[in-house]
Amino acid sequence: MDERAVSRQQVGGGWSRSSPRPSRGAAAGDRRSAPRLYALDGLRLVAALAVAAYHYGGRDGEIAKAWGASPSVQFPTAHSWLAYGWAGVQAFFVISGFVICASAWGRSVQAFFASRASRLLPAYWAAVILVAAVFALPGIAFARVSVSEFLVNLTMLQMPLGADRVLGVCWTLWAEVRFYVLFALCVVLPGVTRRRVIWFCGGWTLASVLAQGAGEPLLDMVLMPEYASLFIGGMGLYLVHRDRRDTAAWLIVVFSLLLSQYQTVEAMWHAPNADYFSYRSQFGIVLAVTVGFVAVGAVALGLLNRVDWPWLTTAGALTYPFYLVHEHLGWPVVQGLHQRLGIPSLLTVVLTVALMLGLAWLLHRWVERPLQPLLRASLGGRRR
């Protein structure tokens, strides 16, 4: 989820029961000046912090090298709960479906892709360069990539090529990019309307389920059966935001939640095993996915409109660069604070998160702010 200015009643009818019902076939190209959905910025930050908690204390791997021992030793009780922090990614995908659907109304394909590219690429390029540079320093004992792999990572296409990733979290960006392409070709190109969004949601849902049943790798790559229902659920929630009486939109949301919980359980659950880092119950997984849907649903229905604190705008702006850098750059920070300075585990996590947020602010201030408008203008997109 990465658009800056999603606002209440941005397009067509609003969430209020007293608002006039929008025309269902209209393109609704007009964009109205409306209050910002601050709560959505807050949800993005909460989701990013949940993912960071998972990366710092809810899994093994390179982070164990940073701690000097498994996080299950550092957090003997909390690590089982922190293992659910991965659900922040599922929440991100729901939020992304909501925001991309909202921001595409009235845009051409060129403007849509210009907006997406200018939003994602500047901070991404900076993060890839920064992480590669830090990992090349003497004394940094974490895995490095080759020069060739570093260069291909700059394209954001390293995942289908099978190249090593500079940023561990970039697999989620690959999912986002595929969503953007599908949405642009099927909805933005012919012109965004409620009806086209509904047909797209229904068609993608059916196609993704059939793709999973077919077991064809190419179909899996294009249609993303594991994550499609999360993006689709977010789009359905945006339609609910436009008109809470929209029965088709509610059906999209409900079906998407049911499919999402199943897909996530299939991907994340395993039978209890002492050799595993932690055990996630099926109920816990279903609950974590449901919480993400409910949180975005609360925004869609206007239940969080009183959460209008201006500082959340800044928090939302920092979420993306924080998400990019927190994992890999967090490893040497954790190692330095905990192993070399002897700072306790919990305080180490707090300080690491604070430092990563500070770095995110620097990336936002000195990379995103100057480069985003330049890239958008050069690609022919206009901010509306």
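Placement of Cβ uses the backbone N, Cα and C atoms for every residue, glycine included.
In TrEMBL this protein carries:
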COMPBIAS  16-28  compositional bias 'Low complexity'
DOMAIN    38-364  domain 'Acyltransferase 3'
REGION    1-30  region 'Disordered'
TRANSMEM  37-57  transmembrane segment
TRANSMEM  81-102  transmembrane segment
TRANSMEM  123-146  transmembrane segment
TRANSMEM  166-190  transmembrane segment
TRANSMEM  197-215  transmembrane segment
TRANSMEM  221-240  transmembrane segment
TRANSMEM  247-263  transmembrane segment
TRANSMEM  283-304  transmembrane segment
TRANSMEM  311-329  transmembrane segment
TRANSMEM  341-363  transmembrane segment
Would you call the transmembrane segment (341-363) and the transmembrane segment (197-215) in contact, using three or more Cβ pairs under 8 Å, pairs 6 or more apart in sequence?
no
Which listed stretch (81-102, 221-240, 247-263, 311-329) has the most C-beta pairs under 8 A with the transmembrane segment (283-304)?
81-102
Mind checking which residues reach the transmembrane segment (37-57)? Cβ under 8 Å, same chain, six or more beyond either end.
1, 6-8, 63, 71, 74-75, 78-79, 82-89, 91-92, 95, 98-99, 168-169, 292, 295-296, 298-299, 304-305, 307-310, 312-313, 315-319, 322-323, 326-327, 330, 334, 345, 349, 352-353, 356
Other parts of the chain folded back onto the transmembrane segment (123-146), taken as Cβ under 8 Å at six or more residues beyond its ends:
62, 65, 153-154, 156, 163-167, 170, 173, 320-321, 324-325, 328-329, 331-332, 363-364, 367-368
Paired segments the transmembrane segment (311-329) and the transmembrane segment (166-190) in contact, 3+ CB pairs under 8 A
yes
Given the transmembrane segment (197-215), its same-chain partners at Cβ distance under 8 Å and 6+ residues beyond its ends are 101, 182-183, 186-187, 222-226, 228-229, 232, 235-236, 239, 248-249, 252, 255-256, 259
Considering only the recorded stretches 81-102, 221-240, 247-263, state which has the highest number of Cβ pairs under 8 Å to the transmembrane segment (166-190).
81-102
